[in-house]
Amino acid sequence: MKKFSPISFVIFSCLLQVNTYRIHEANKKSFVKLKSKSELAKADTEFDPLENIDPEVDCYYLIKNRNYTVEKHIITTDGYRIAIYRIPSSPKKPSVKRLPVVMQHGLLMSCFEWIFAGPRHDLAFMLADLGHDVWITNIRGTVFGRSHLTLSPDHDPEFWEFSYHEMATVDMANIIDYVLDVTNQQQIMYVGHSMGTSISYILLSTKPEYNEKIKLVISFTPVAYWYDPQTSFIGNMKPLLKPCMRFLESTRMHEILPVSTAMSNMLNILCDNRDTIYKELCQYLIFFSFGYNPDQVPETPNVVKFFRYFPAGASRQTLKHFTQNILEGEFRPIDFGSEKNMKKYGTPDARPYNLKKISAPVALFYGYGDTLIAPHNVVYLSKVLPNVEVIEAVPHERFNHFDFVIARDVKKLLYDRVMEVMARYY
């Protein structure tokens, strides 16, 4: 398969966003009916988006169809409403009941990333089989968190004024407290992938009391620092980050890459096609920014399933948060300027997160083939964190950013080892 330039894909993505916006503006009146606040409030009272998620993409049915017990819980934070999913038991009926495990997905993902392929492949099912009470979370802004008590994601720009700072300090804090209350436990274990790792570090550094509530943090592709050489994907992308953000802000697009039936159908056609060209395009979508690893591409049915749920949406402000951190080489909240910073953070500047406050044990797992989070960034993070239990590369030279959830042999290469590490804390 030909290796494409990452820069070419970023340019393509920006052009795609331009065309998407033009189509949206041209056809807006035909598919969006603007409502007054009173009409909108009435409509929201009658229709709960979290109770009416399309069954084709609802994680509830994905779990239930695997014969696992599943519960849907709605968490209300600072007005945002988020659906999370619980697997309280396994059909294998393990004799031992272990600690609850909270699993947090990455950017543009949702609960699907932990359960899309089934019990032989996915970590959530494996942990349930071991006796863990598994809680699969979502974040505000995805299809599972596109709800608010007073704001509409389709009509109110204020709905989208959040990043992974709020996901950590508000959403995850509330989720952990809720899980501990429902399960009557004192501690959880936490598994995060990509942005899900950032959420854990922000929570534990800004609200240190949560260190006592987490027995172990498992981090897949830890995202905090971005000290990359210019030859990496991030290095190549840096010159384009500001222009892309300026474009997104000029279009007033607040929601980025939401769940789309049209996109899902297009990706399914590409990936479920016998033609070599289509298959190469499908592989390109997997490899373009995460690393080239053709021998770990999942079986075709699993690729098709994956793209049925991906991408799952994000806020523009979340991308802005990543952009600032990448360009400045810091791990800190968004810098809004001194006046807004004072209102939001209590200081005129957005000070870096103090990771020295994280006392919970952390296990760091990274991939040699991950072009987003280079190994030396993880090593740097390990020297900042006070209590690193494990820092390990997955034993495969091309293991990339996506492979942590989709690789064909992910159980053998990673999950078996993760469960060994978790067993130390039983």
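Keep in mind that glycine also has a Cβ here, set from the backbone N, Cα and C atoms.
Automatic prediction, not curation, is the source of TrEMBL annotations.
Copied over from TrEMBL, here are the features:
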{"type": "ACT_SITE", "residues": "SER194", "note": "active site, nucleophile"}
{"type": "ACT_SITE", "residues": "ASP370", "note": "active site, charge relay system"}
{"type": "ACT_SITE", "residues": "HIS401", "note": "active site, charge relay system"}
{"type": "DOMAIN", "residues": "60-116", "note": "domain 'Partial AB-hydrolase lipase'"}
{"type": "DOMAIN", "residues": "121-248", "note": "domain 'Serine aminopeptidase S33'"}
{"type": "SIGNAL", "residues": "1-20", "note": "signal peptide"}
(message) Can you tell me the CA-to-CA distance separating ASP370 (active site, charge relay system) and HIS401 (active site, charge relay system), as a whole number of Å?
(response) 5
(message) Across the domain 'Serine aminopeptidase S33' (121-248), what are the DSSP residue counts per state (helix, strand, coil)?
(response) 65 helix, 19 strand, 44 coil
(request) Please work out the helix, strand and coil residue numbers for the domain 'Partial AB-hydrolase lipase' (60-116) from the DSSP assignment. (result) 9 helix, 19 strand, 29 coil
(request) Please work out the number of neighbouring Cβ atoms within 10 Å of the Cβ of SER194 (active site, nucleophile), leaving out its own Cβ. (result) 27
(request) Work out how many Å separate HIS401 (active site, charge relay system) and the residue listed as 'active site, nucleophile' at their Cα atoms, rounded off. (result) 8
(request) Let me know the DSSP-derived helix, strand or coil state of ASP370 (active site, charge relay system), please. (result) coil
(request) Other Cβ atoms within 10 Å is the metric here; tell me which of the active-site residues ASP370, HIS401 scores highest. (result) ASP370
